[in-house]
Amino acid sequence: MATLIPPPSKKQRKEAQKAREVDIIPTDLPQVSIKFEALDTGESVGGSLRVPGGINEKQLEQLLNQLQGSAEDPVPYTFSCSIPGKNKEDPPQNVDITDSLWSSLLKPGYKTSEDQITLVFAPRAVFKVRPITRSSAAIAGHGSTILCSAFAPHTSSRMVTGAGDNTARIWDCATQTPLSVLKGHFNWVLCVAWSPDGDLIATGSMDNTVRLWESKAGKPWGDAMRGHSKWITSLAWEPLHLVAAGNRPKLASASKDGTIKIWDAALRTCLYTLSGHTNSVSCVKWGGQGLLYTGSHDKTIRVWDIKAGGRCINILKSHGHWVNHLSLSTDYAIRVGPFGPDGKDNPSPQEARDIAKKNYEKVVKRSGQFEELIATASDDFTMFLWNPLKSNKPLARMTGHQKLVNHVAFSPDGRYIVSASFDNSIKLWDGRDGKFIATFRGHVASVYQVAWSSDCRLLVSCSKDTTLKVWDVKTRKLSVDLPGHQDEVYTVDWSVDGQRVCSGGKDKMVRLWTH
């Protein structure tokens, strides 16, 4: 028997009876005065302009490209406008121009045609990542559950996974074959991380050690780095633009013993041990201004200044339960370093650092000032948005999830935050003020991780329900459903060039997905 569509619910019938609003732009709209202002530098472009009140986003884009002299090779832009809050003491809010000035600002009454409207513009990604639609390979090899995975920063043809069979493996994604097995740990490999120049891979294990490996040959780079008294929960490399040319980046490891150790990768010695957390450290991130951010099961987030010898400069307390994960607004820029879409093929060490610095500053600059925000996710079902250099009070509290929040990730341009929760949903938030935007529903079990595509238009999630799902950020809908795994999927990553997605989980198979 064919599946019958269920009858409309009471709510749907009520909606259908309502008078529909037709979005027609009035013909007698007066002209409005606008001014363009750059998001990163705060400089205005082209002075004050009179434009029709019904001008749409595409036309604004053309106008701005002509003013900047790039009409031949137009750059796509997003526009937003700052409006005062409802009450006097409320902070100003950002409204995105999604359709036209009339429907976004004039019709809701945020601005009138008498006001001078300042439109803040930011360039979008010039390239488009195609949504992945099929599983191109399922590769066996691991003898136990796959716990973590990461693509190389410089190419989508190399990927590393860590598993419960005490090994990490490097895979050649171009030929879809295993490249080398990294043997040495004698307990589960819980986390893997590529160094920002792509030369080394760090693995952290349940045997309390961190090991380094050469990424090309898959050979061990010296012996295990011992020092932690419990297992390693998270690893973070120093961003490339902070490393002097000719030096190796340093590595930070967080552990269940409540400490963070900073290692010299060339000498494989421990430089500092940062203690202060009173419980397991769940996540560590290395910011682009020489700060280290750590989230812990003691409900706090600590900020450490590595330039000052690892001094703790801020403690952020607001969560009511464990902090599970944290994300920086500059995560993507730090990961990509010199290897973005506009990077060179074989930059010299100094060139690589200059490109990495430029990429970082593109994302971190807001009206001429550096702003690195962090979002934290917790077992108390909430998330907080912080600017830890300015204050130890959060900018926003993000509520709405009904179970613990397991993973949080800023979009590559820092514009959005996405969170994955055990309540089967994924939520999208504004990365500037933490406002709720949308919920993606579709998974039928806990969502474990999410990964962004490098153009910020798509995201992929992996879940306990054995599927991956690709979501479209603009339409806020499911783009592609990707079944294939036989059991829970614990880890997912999208390569920097957008070509491939990798996933792994309980069925011990590494799956690669392409468009």
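Just so it is clear, glycine is given a Cβ too, placed from its N, Cα and C backbone atoms.
Curation does not apply to TrEMBL; its annotations are automatic.
Since we're looking at a predicted model, the values are computed, not measured.
Annotated domain 'NLE' per TrEMBL: 32-80, in sequence order.
If you look up TrEMBL, you'll see 1-20 marked as region 'Disordered'. Sorting the region 'Disordered' (1-20) by DSSP state (H, G, I as helix; E, B as strand; all else coil) yields 8 helix, 0 strand, 12 coil.
Sequence-distant contacts of the repeat 'WD' (139-181), counting only residues of its own chain at least 6 positions beyond either end whose CB sits under 8 Å from a CB of the stretch, comprise 187-194, 196-198, 201, 203, 205, 207, 213, 215, 217-218, 335-337, 339, 490-500, 502-506, 508-512. According to TrEMBL, the repeat 'WD' annotation covers 139-181 (among others).
Proximity of distant same-chain residues to the repeat 'WD' (182-214), defined by a Cβ-Cβ separation under 8 Å and at least 6 residues beyond the stretch ends, is recorded for 144, 147-155, 158, 160-164, 166-170, 220-226, 228-240, 243, 248-249, 251, 253, 255, 263, 265, 268, 334-335, 337, 339, 352, 356. If you look up TrEMBL, you'll see 182-214 (among others) marked as repeat 'WD'.
Across the repeat 'WD' (225-273), mean pLDDT in this model comes to 89. What TrEMBL records for 225-273 (among others) is repeat 'WD'.
According to TrEMBL, the feature repeat 'WD' maps to 274-309 (among others). Within the chain carrying the repeat 'WD' (274-309), a Cβ under 8 angstroms from the stretch's Cβ atoms is held by residues 230, 233-239, 241-242, 250, 252-262, 315-317, 319-328, 330-331, 333-334, 360, 364, 370, 372, 374, 376, 378, 386, 388-389, all 6 or more beyond its ends.
Summarising the annotation, TrEMBL assigns repeat 'WD' to 398-439 (among others).
Residues annotated as repeat 'WD' in TrEMBL: 440-481 (among others).
Per TrEMBL, repeat 'WD' is recorded for 482-515 (among others).
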Taking residues 6+ outside the repeat 'WD' (398-439), which of them lie with a CB under 8 Å of any CB in it?
78, 91, 93-94, 122, 124-125, 321, 324-333, 363-364, 373, 375-385, 445-452, 454-456, 459, 461, 463, 471, 473, 476
Determine which residues of the chain contact the repeat 'WD' (440-481) at the Cβ level, with the cut-off under 8 Å and only residues 6 or more beyond its ends counted.
124-125, 127-129, 131-133, 332, 336, 341, 403, 406-407, 409, 411-413, 415-416, 418-428, 487-494, 496-498, 501, 503, 505, 513
DSSP-derived helix, strand and coil totals, residue by residue, for the repeat 'WD' (225-273):
3 helix, 23 strand, 23 coil
